[in-house]
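Chemist: Before anything else, here's the structure in question.
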Amino acid sequence: MKLVIVSGRSGSGKSVALRVLEDLGYYCVDNLPLPLIGSLLEQLKGSNDLVAISVDVRNMPEQDKVLVKQLASLPPDTELTSFFLNSSDKILLKRYSETRRLHPLSKSQVSLQEAIKLEGKLLEPMSKLVDHYIDTSNLNIYDLSDQVRQILLGSVDKELVINFESFGFKHGMPTEADFMFDVRFLPNPHWELALRPLTGLDEPVAEFLNRQPLVNKFIWQIENLLETWLPHLERNNRSYLTVAIGCTGGQHRSVYVAEQLAKRFSNGKHKVYARHRELNNAKA
């Protein structure tokens with residue numbers, strides 16, 4: 001079982017790191033006391049091989065040797081990776097001032113600045129035991145996400161789920177689309193009597209549309225557009241991308257184009273799906 005422990009000073013980006021881990025398929029638990037890790041791993045054994053927890057200053061033992069003992073008592077088959085996130089006092093003070101959140105160590109007699117300094121002192125033992133120390137003072141959430149992915153995967157690339165959805169404008173436009181393309185200007189198989197009862201999934205319709213230079217040029221240009229901007233969408237922490245292709249009835253042109261685009265992006269780097277709204281509705 002792989003276990004990732006994320007610790008660090010409040011405001012340094014632990015929640016961002018945990019969200020990245022969740023996107024990578026980890027079962028995530030926020031602010032779990034260290035003595036409970038063993039019980040958690042035992043409960044998840046066999047059902048979850050990827051587990052991540054965040055630990056804040058309120059759940060840390062006061063003595064270094066207790067911390068070392070707790071980490072050493074993990075099950076022998078545990079593959080542990082640990083992160084400590086930190087930022088300068090000045091940056092943490094600025095972040096708390098902007099968000100107006102209450103610091104975990106804030107008390108009526110303790111100022112925010114004093115709480116930040118105290119937390120740094122209490123977490124110092126943990127900062128010396130971790131595998132990866134990341135200073136987030138000059139990082140935005142995207143830079144931090146990239147660093148965490150780089151360490152865990154050896155790459156900053158994020159697995160993006162791409163949905164190509166065909167639809168018919170006469171049945172209404174989909175509301176969840178990130179990109180929407182109108183293909184009603186393309187040659188229409190509907191006017192070929194032999195093709196009218198078929199769909200864009202059928203070979204005769206596919207052959208008809210594949211012979212149309214305008215259709216091939218359109219598919220090529222959409223492919224290039226998406227290839228150009230996909231890396232930027234991935235860096236924006238996007239998990240899903242829905243590309244809607246619409247024709248009049250959602251039976252021929254949009255179905256064919258969606259299928260062709262799905263095939264071109266099914267290269268193993270992304271999870272790609274083709275969905276045909278009107279065809280699915282007709283079956284229901």
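Glycine is no exception: its Cβ is also placed from the backbone N, Cα and C atoms.
For G8, R9, S10, G11, S12, G13, K14, S15, the entry in Swiss-Prot reads ATP binding site. The annotation GTP binding site is assigned in Swiss-Prot to D56, V57, R58, N59.
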Chemist: Give me the sequence-ordered set of same-chain residues, not including G8, R9, S10, G11, S12, G13, K14, S15, with a C-beta within 8 angstroms of the centroid of the ATP site's C-beta atoms.
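Modeler: Along the chain, the qualifying residues are L85, N86, S87, T136.
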Chemist: With H, G and I counted as helix, E and B as strand and the rest as coil, say where DSSP puts G8 (ATP binding site).
Modeler: strand
Chemist: According to DSSP, collapsed to three classes, what secondary structure does D56 (GTP binding site) have?
Modeler: coil
Chemist: Any same-chain residues 6+ apart from G11 (ATP binding site) with CB under 8 Å of its CB? Would you list them in sequence order, or say none?
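Modeler: Listed in sequence order: S87, L92, R95, Y96, T99, H103, I116.
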Chemist: Would you mind sorting out which of D56, V57, R58 (the binding-site residues) have a C-alpha within 10 A of the one on S10 (ATP binding site)?
Modeler: D56, V57
Chemist: Between S15 (ATP binding site) and D56 (GTP binding site), find the distance joining the two CA atoms and give it rounded to the nearest Å.
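Modeler: Answer for this pair: 11 Å between alpha carbons.
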